[in-house]
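Note sheet for the following structure.
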């Protein structure tokens, strides 16, 4: 008994597509610089270390964690266009600030920290996007719409590194416009491109986006956000209380899912530079390609999940996704005997220092670097001797790293879309802005703690400790899912209005 005009249906889905675009641009804003933050940070401020990198990455999520509940609350009582436009404008301004962090003569790393925090604050509109899509789709449309939303987010994660990889062709020096104090190089051009996309997004929100809302059965009713009043359909379908145990459990599970993926993203560049003696430029380029391939894999997974969930249900797929992530991090543990190449920064008199590792453990290009003249300024590569674990922890082979990438790229998108879908169904037809804000905030909290956790543990204890602890966290989340499994059902199913 779906009561909806053709005109309303078309307008509703046009607005949903604008939300897909907003989600895409939000993820691009994060991923377009993720591979280049570390080398750019080293270039503009030599005082920054790997530990500060963790705070740079986390600052995005701190901003998003603060903003998400605020934008969610705003969207519950006012037209959603307002928080969407304001948040996107903040992101545009923050990207422009990032392009100028090289200008100050000191404390550059703190300017970068501020810019990334403001980009994250603007990305708090994810809560608005998710709550709108949850309210503008029926129960039967929800899984597909949430999968499409996550697919758009994944495409953003794909194209962000792709854009960054393309912009590496500009080089580290690039072009300087002195009258604007602006350097267009492989580090600044991506964020300026992101700012341009944000401006386009604002224009489309004004031109196309409209407020729409339907109940779980797909029946149209007036949106609180536009009229300030609901219809009788709204009152009839919001009777009953939300299962807050299921809500809290899903917040915890979503925290774990985002935590492990944040660890995976953050550690990619430092890990490959340490293990495979890649230069800064090589690490950005190769990891950009790897993450792009993983992103393509994720989009395929999202499309498959939409069909598979109709047969097995969201809960079973979430369980399987967590198991795949666990295997992915287990494979990433150091198992062999070969040690990584050690980075020796002080090379004098064209000779190999006494403390250097034997030639058997060093690749040909490392031996070449040791024979360079003392006045040569080649970038040191390898695992820094200042990280004591480099001297006794086996290296992670490239095959291990790539296999882990594939598995995590399979498990993460499954867990992401299923947790969002289950969450929106558990909440039911009530306004979800604040609840989605808290879910986004829990994910942002994970993105804060994940990079800080891995940068500290990895720097001081090495990959064996870091990835072992991640495996333990995923096992704990699997146990939690088993405990609350039967409670993760739709609001309308719980109160007997629909059958599962």
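Including glycine, each Cβ sits where the backbone N, Cα and C put it.
Heads up, TrEMBL stuff is auto-annotated, nobody curated it.
Among the features that TrEMBL reports, domain 'Major facilitator superfamily (MFS) profile' is placed at 15-489.
Taken from TrEMBL, the feature transmembrane segment applies to 17-40 (among others).
Residues or ranges marked as transmembrane segment by TrEMBL: 52-72 (among others).
TrEMBL lists 84-101 (among others) with the feature transmembrane segment.
Same-chain residues lying 6 or more positions outside the transmembrane segment (113-133) and placing a CB less than 8 Å from one of its CB atoms are 15-16, 19, 22-23, 26, 29-30, 37, 55-57, 59-72, 74-76, 80, 83-84, 87-95, 97-98, 101, 145-146, 149, 420, 424, 431-433, 435-437, 439-441, 444. Taken from TrEMBL, the feature transmembrane segment covers 113-133 (among others).
Summarising the annotation, TrEMBL assigns transmembrane segment to 154-171 (among others). Remote same-chain partners of the transmembrane segment (154-171), defined as residues 6 or more beyond its termini with a Cβ less than 8 Å from a stretch Cβ, comprise 23-36, 184-186, 189-190, 193, 281, 284-285, 287-289, 291-292, 294-296, 298-299, 302, 413.
Annotated transmembrane segment per TrEMBL: 191-209 (among others), in sequence order.
With a threshold of 8 Å between CB atoms, the same-chain residues lying at least 6 positions outside the transmembrane segment (245-264) that come near it are 57, 61, 318, 322, 325, 329, 408, 412, 415-416, 419-420, 422-423, 426-427, 435, 438-439, 442-447, 449-451, 453-454, 466, 470, 473-474, 476-477, 480-481, 483-484, 487-489. Per TrEMBL, transmembrane segment is recorded for 245-264 (among others).
Residues 31, 34-36, 39, 147-148, 150-151, 154-155, 157-159, 161-162, 164-165, 168, 186, 265, 268-269, 272, 278, 317, 402, 405-406, 408-410, 412-414, 417-418 of the same chain, all 6+ positions outside the transmembrane segment (284-305), place their C-beta atoms under 8 angstroms from a C-beta of that stretch. Positions annotated as transmembrane segment by TrEMBL: 284-305 (among others).
Sequence annotations record features per position, and here TrEMBL assigns transmembrane segment to 317-336 (among others).
The transmembrane segment annotation in TrEMBL covers 401-423 (among others).
Summarising the annotation, TrEMBL assigns transmembrane segment to 435-459 (among others). Note on the transmembrane segment (435-459): residues 49-51, 53-55, 57-58, 60-62, 64-66, 68-73, 120, 124, 126-128, 130-131, 134, 247, 250-252, 254-263, 266-267, 270-271, 387, 420, 423-424, 427, 465-466, 469 of its chain, located 6 or more positions outside it, place their CB under 8 angstroms from a CB of the stretch.
What TrEMBL records for 465-485 (among others) is transmembrane segment.
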Return the stretch with the most CB pairs under 8 A relative to the transmembrane segment (17-40), choosing among 84-101, 191-209, 465-485. 191-209
What mean pLDDT does the predicted model reach across the domain 'Major facilitator superfamily (MFS) profile' (15-489)? 80
